[in-house]
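Presented below is the structure to which this report refers.
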Amino acid sequence: MMENYKHTTVLLDEAVNGLNIRPDGIYIDGTFGRGGHSRLILSQFGEEGRLLAIDRDPQAIAVAKTIDDPRFSIIHGPFSALGDYVAERDLIGKIDGILLDLGVSSPQLDDAERGFSFMRDGPLDMRMDPTRGQSAAEWLQTAEEADIAWVLKTYGEERFAKRIARAIVERNREQPMTRTKELAEVVAAATPVKDKFKHPATRTFQAVRIWVNSELEEIEQALKSSLNVLAPGGRLSIISFHSLEDRIVKRFMRENSRGPQVPAGLPMTEEQLKKLGGRQLRALGKLMPGEEEVAENPRARSSVLRIAERTNA
């Protein structure tokens, strides 16, 4: 069934170019998806290149297993654990580049059975890995009203969060919601002011999905691990699709592109300064999709690619 869903990889060439591929390098594609980035990376390798791909979606793993290439291997798990995967293979400090394409993919959105979309009726699931953790329906049925409101406000930036949370709890008390259409209808009815250009359930679905999959924590942990696993000169190439993701990536790159912040006038020896270490990253800028790509793939509109390089510090 999954092969019926077309996936157009956003900023494909730009993200891979950002890795500055070495033919004999070792790289990580932390979000294999349907393999667009991985296949392009493999095409730029020599015989000694090595690509470790990661994904927690079983459907992505099934696609990855069709790649018959000794330079390629796939891991079923969250990219937040990339530090562990690298350590298990004795590759700490040897990784030449890490690519992350954040958020939900088109095949996940377009498959009603995955429960990510308010546009298609399906089970209210939303898990990247349906074999682990609580589904969206299970969480919404057990969560406190205040907790639901907090999630909607924090992860969806939903201004009617309290009103929507109350409606969700009341509906679940009457009859537990199990379908995406049911949640979308409850949210729409609880939203007093409609946005002309956006479905009223957009922010709620985003927020619940992020919460169910711990998406922002996953990003923060992966970024933190990247500093340990990257070789000097190794690249980070990260595509984000909304402001919450991009804010985390931007802040991480900015903070690690500065040296230690020492108060002016604080007496320190050269040896003490050396122990503090220098900046760990060099930010190489950001890219956004051009008009042509957005016209071909409207979902690319909000994407931002940020690139950074590991220093020798």
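Every residue number used here counts from 1 along the chain in the order it is shown.
Each Cβ is built from the backbone N, Cα and C atoms, and glycine gets one as well.
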Listed co-binder of S-adenosyl-L-methionine (same site as G35, G36, H37, D55, F79, Q108, source Swiss-Prot) among D69, D101: D101
Collapsed DSSP category at H37 (S-adenosyl-L-methionine binding site): helix
Residues that sit under 8 angstroms from H37 (S-adenosyl-L-methionine binding site) by C-beta distance, when 6+ apart in the chain: T9, L12, A15, V16, D29, T31, L99, D101
Listed in sequence order, residues with CB under 8 A of Q108 (S-adenosyl-L-methionine binding site) and six or more positions away: D57, R114, F116, M128
Among G35, G36 [binding-site residues], residue with fewest other Cβ within 10 Å: G36
